[in-house]
């Protein structure tokens, strides 16, 4: 659905007769419930005025159809689906000025030359009140993509004659404390010039200050599912006036077993609302949630691909080694990548105890390091992240709690000391570097214990044009994968009567 064709396929299609094209289009419309499909190049958002006018004309005439691509500077292909998606009024933005939004709302965009692809495509739909699904890699500017429309939504509601004061209008749900705090930091800063207030609700810390903030009145609530549900049940957090809902990292929330909490929270919001969902992948569980809680014809924008793929700005180096040699190799790599101890290096491990052990080992060998994992108190985690972000301690050891969504600027190197449990987590880990168009390096240790994931890793490396070490292919390259026209090749077959994910915490788990 909305998947783009290769240039070779486009050439073949162009040779077919008009009659064949019409027949295929009719069948497609029937299968897609008359959804209009537009596939365009992300770089179109930054093209010249002439190209933008041409794009608008094509949209108005319906000339842009499924499978059409425009290659320009190696940009990513953007696929847009949904009823009315081809309307000229939804043409992607070429500049911030093209939005005609109030200066105070756009204040948060100062310093950026132009909207990122996800912002350029999302804003026209979101500002028009459409339900929206965004599939894009981390580091693509998603927070501002939904943040600016959220601010405009609050401004409109505050301007209504019957508007209540001090009640939440916008809800943003996030899977982890750190990501929730990061979103809150952005929205607090962005909302200040507009007089719009936000509060962040997350576990691992006292409820007192959060309750006080809610009682004093806020416009935007950002939170994790667990703490949100607790405060709702206490009668402290009332969401009945929330008419703009964002589910950020939706796939991660469901992976963590938060589906019951998400459903319970959504049921507390206004029945008439705008629902926005951002996700790095599009698995069946997320699709099902969208079907239940969104408009029957939401807009869906896919930046790049729905399939599992790594950031092409990251050079991936995979080293197959014995488990016992990881400590010495880590030290050797730090001598190579972090000798001056000034550039930011992020080392990922799998378990909380492992994070503490590696941190201690490196400190004993003279390295200044901090760590972030679930056993640390929230204020210690926040302090460690701050030291790393500001560069006071540019070497951090972290569990996967830091692999999703966190925007840590200028991370030059990611080292996977322990390979993650899934290839998806691998992609998100290495996505901490190579952000915002910069280049990065990801060096990964792969051991005999990880051999079951070798085939998937080989596919990720090949898709990104990276070197595949012969030692990795010896583990096998076969991947059992079921194709689906709806979900693509990254599709997991789930039986209809299969039990839903539940949140299970192990002794050394790092889920919050």
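Any Cβ shown, glycine's included, is placed from N, Cα and C.
Swiss-Prot lists 1-33 (among others) with the feature region 'Disordered'.
If you look up Swiss-Prot, you'll see 14-45 marked as coiled coil, on the strength of sequence analysis.
Here Swiss-Prot flags 16-30 as compositional bias 'Basic residues'.
Positions annotated as region 'Disordered' by Swiss-Prot: 45-76 (among others).
The domain 'Helicase ATP-binding' feature in Swiss-Prot is assigned to 123-300.
Under DSSP, residue 140 (ATP binding site) is assigned to coil, being neither helix nor strand in the three-state scheme. According to Swiss-Prot, the feature ATP binding site maps to 136, 137, 138, 139, 140, 141, 142, 143.
Among the features that Swiss-Prot reports, motif 'DEAD box' is placed at 248-251. Sequence-remote contacts of a segment are chain residues at least 6 beyond its ends whose Cβ falls under 8 Å from one of its Cβ atoms, and for the motif 'DEAD box' (248-251) they are 142-143, 146, 172-175, 179, 183, 277-283, 285-286, 289, 404-405.
Within the model, the domain 'Helicase C-terminal' (333-476) carries an average pLDDT of 91. Positions annotated as domain 'Helicase C-terminal' by Swiss-Prot, on the basis of sequence analysis: 333-476.
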In DSSP terms, the motif 'DEAD box' (248-251) comprises 2 helix, 0 strand, 2 coil
Students should find that the Cβ of residue 142 (ATP binding site) has, within 10 Å, a number of other Cβ atoms equal to 27
Taking DSSP H, G, I as helix and E, B as strand, the domain 'Helicase C-terminal' (333-476) contains 62 helix, 25 strand, 57 coil
Here the 10 Å Cβ neighbour count for residue 141 (ATP binding site) comes out at 20
